Amino acid sequence: GSGSREAVERLVRAHPVVVFMKGSPAQPLCGFSNAVVQILRLHGVEDYRAHDVLQDPDLRQGIKNYSNWPTIPQVYLNGEFVGGCDILLQMHQNGDLVEELKKLGIRSALLDAEKEKDQDKK
């Protein structure tokens, strides 16, 4: 089924950025899922796979078993489990997320935002 280790592994490896959440990016159904969507949006990451665990109880349990992490949302970069909302927020604040995205060949929109700020100072 969709919750088997093999099935989950296929999902996390199917795309450089994969999010397991409640609801969809357009309509997140919990505050933590919403926070993950907002953080990705801040970085200009629009191209990612989002899986709604509310649609699929098997997957909801399967992803928790796979990552050994008890809560949703869960973020995967390049097939590696990164963490949930709190970890993503921390990475966002300390600059690690920009670096991790760079490794995937994704340029964070925040870098361009920083440049524009510097332009304003001149």
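For all residues, glycine too, the Cβ spot is worked out from N, Cα and C.
Pulled from TrEMBL, these are the features on record:
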- 17-82: domain 'Glutaredoxin' (DOMAIN)
- Cys30: [2Fe-2S] cluster binding site (BINDING)
| task | Specify the count of other C-beta atoms within 10 Å of the C-beta of Cys30 ([2Fe-2S] cluster binding site). | result | 16
| remark: The predicted model's mean pLDDT over the domain 'Glutaredoxin' (17-82) is 97
